[in-house]
Amino acid sequence: MDILKRGNESDKFTKIETESTTIPNDSDRSGSLIRRMKDSFKQSNLHVIPEDLENSEQTEQEKIQWKLASQPYQKVLSQRHLTMIAIGGTLGTGLFIGLGYSLASGPAALLIGFLLVGTSMFCVVQSAAELSCQFPVSGSYATHVSRFIDESVGFTVATNYALAWLISFPSELIGCALTISYWNQTVNPAVWVAIFYVFIMVLNLFGVRGFAETEFALSIIKVIAIFIFIIIGIVLIAGGGPNSTGYIGAKYWHDPGAFAKPVFKNLCNTFVSAAFSFGGSELVLLTSTESKNISAISRAAKGTFWRIAIFYITTVVIIGCLVPYNDPRLLSGSNSEDVSASPFVIALSNTGSMGAKVSNFMNVVILVAVVSVCNSCVYASSRLIQALGASGQLPSVCSYMDRKGRPLVGIGISGAFGLLGFLVASKKEDEVFTWLFALCSISSFFTWFCICMSQIRFRMALKAQGRSNDEIAYKSILGVYGGILGCVLNALLIAGEIYVSAAPVGSPSSAEAFFEYCLSIPIMIVVYFAHRFYRRDWKHFYIKRSEIDLDTGCSVENLELFKAQKEAEEQLIASKPFYYKIYRFWC
């Protein structure tokens, strides 16, 4: 029996199994609360693999995609969760503090760098959204690479991407401790690491709902803080506020200037900080398997444009007008969570007596941002580990899912990495994390490149197999050209980072300086060939377009019904005023 292709009886079975993951286990209801809690950690009995799956005539990739599409996640995320995760989920220390390191390269270099990375990020999110809405499988875009490009490339992307989140977790825990130390330096930072570690781990044991509700609340705080800063910043630029010396405008763009010298090298230097600021913007697409409605994913992806335009570009312009790039405080921070190096604090503290109050306020915002990133680290890494286990690229124990849809082994591995946060008590902490981050430093650009390439390959496969673009659940606003632009931009960003690593700004070239930023390149090459050697496949370095699986796990089960619904929706939008049409296009 063909158990994987669209339109057959087993597809109905797959749909029933996937949808039933939100139904509680009846056998647990009669027990005590403690027993129900205990039993909830047992392996899910809802994820049933058909006995004839392994014996079917389908390809190995089709079998893997079926498994990824039928993982027993709970579909509980609503539109409000996804909207706030998309808007505020990536507003972290990269923006609130890391922006200062980029500003030291000049306001024009900062703006150009953020525009380039922001454009790249918009292309990436649109490409990932198209694939995630079409194939809402475990691991999302990280596993789509294996489906549309090559399994070894997919393994390299997924492992490096997961490693980046795993390493970020203990680093952000240390950030929580150091942020608290701004108010109280008498308590050992390791105590604060322990408190936040327990809080984050317990929070993730509440499942995806605990993650989503926490992110919803924290994102609101961050968004409000950004809006407050934008309003105050505009007033200060116009010459308002206490201790005002008059209209500022673009004063600092002329003196000390728009670019620090050397211009090109400083421009390339902004790419790293910009990538750090935008990193995780694609996280909302990872929730596709736990979302109530796929359309909520597409709407959240459309909001990326406004998030980039308002929260990043507008903020960058205001910061560039309020703080000169040669302000020594920009590079005076003792660590990546030092509030004194925040350009937000520097800009507002120039108002005089407000300085101390502003520092306290921004420290609260930064603490909220760091806790939010910690939460995202455990969520993202645990889901990626589970997907790698389900696809057979990691030991099968990694795919363990309990009855509440929690990837417990993935959460446990994240927790194990979190223990590295106690290195805050060591004098070698900075050096250790410098080299840990070097393991995945450039992997963000590589991951983004592969996401865009996956969308291009998806469109090419549709054409090669005589299929129409009309069956795409959500089409990227930029189409396939957005994927092409994303690939080009990310390739240029990788080249720029390699260049500035080989010839760093303000210091001589050295192997140590180069590998601090580019160690991930040889690491990825080794991982790629190690996986290919393990598979013993040296004949096929990419999947042929005609052989790409376009059916397994596809959200469009009834093509004719889907087309009718799309046509009705288009007719409804066509009957609305022009402003509504614009709203639906961008939101």
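Positions of Cβ are set from backbone N, Cα and C atoms, glycine also.
The feature N-linked glycosylation site is assigned by Swiss-Prot to N184, N243. The feature phosphoserine is assigned by Swiss-Prot to S10, S27, S44. Feature annotation from Swiss-Prot assigns region 'Disordered' to 1-31. Here Swiss-Prot flags 1-80, 130-162, 208-219, 288-302, 382-406, 453-475, 531-587 as topological domain 'Cytoplasmic'. The topological domain 'Extracellular' feature in Swiss-Prot is assigned to 104-109, 241-266, 324-360, 428-431, 497-509; the stated evidence is sequence analysis. Under the heading transmembrane segment, Swiss-Prot lists 81-103, 110-129, 163-183, 187-207, 220-240, 267-287, 303-323, 361-381, 407-427, 432-452, 476-496, 510-530.
Taking all protein chains in view, 8 other C-beta atoms sit within 10 angstroms of the C-beta of N184 (N-linked glycosylation site). Stretch with the largest number of CB pairs closer than 8 A to the transmembrane segment (476-496), among 110-129, 220-240, 267-287, 361-381, 510-530: 110-129. Touching of the transmembrane segment (407-427) and the transmembrane segment (361-381) is concluded from the presence of at least three CB pairs under 8 A, sequence neighbours closer than 6 excluded.
Counting residues 6+ beyond its ends, the transmembrane segment (110-129) has Cβ neighbours under 8 Å at 99, 102-103, 140-141, 144, 267, 270-271, 273-275, 277-278, 281-282, 285, 297-298, 300-301, 304-305, 308, 312-313, 316-317, 319-320, 325, 448, 451-452, 454-455, 474, 476-478, 482-483, 485-486, 489-490, 492-493 in the same chain. N243 (N-linked glycosylation site) sits 30 Å from N184 (N-linked glycosylation site), taking the Cα positions as reference. Between the transmembrane segment (187-207) and the transmembrane segment (361-381) there are 3 or more Cβ pairs closer than 8 Å, counting only residues 6 or more apart in sequence, so the two stretches are in contact. Highlighted: of the candidate stretches 163-183, 220-240, 267-287, 361-381, 432-452, 267-287 has the greatest count of Cβ pairs under 8 Å to the transmembrane segment (81-103). Between the transmembrane segment (432-452) and the stretches 163-183, 220-240, 267-287, 303-323, 361-381, the greatest number of Cβ pairs separated by less than 8 Å involves 163-183. N243 (N-linked glycosylation site) counts 9 other C-beta atoms within 10 Å of its own C-beta, drawing on all protein chains shown.
Taking every recorded stretch in 163-183, 267-287, 303-323, 361-381 and counting its Cβ pairs under 8 Å to the transmembrane segment (220-240), the highest total belongs to 303-323. Across the topological domain 'Cytoplasmic' (453-475), DSSP helix (H, G, I), strand (E, B) and coil residues number 15 helix, 0 strand, 8 coil.
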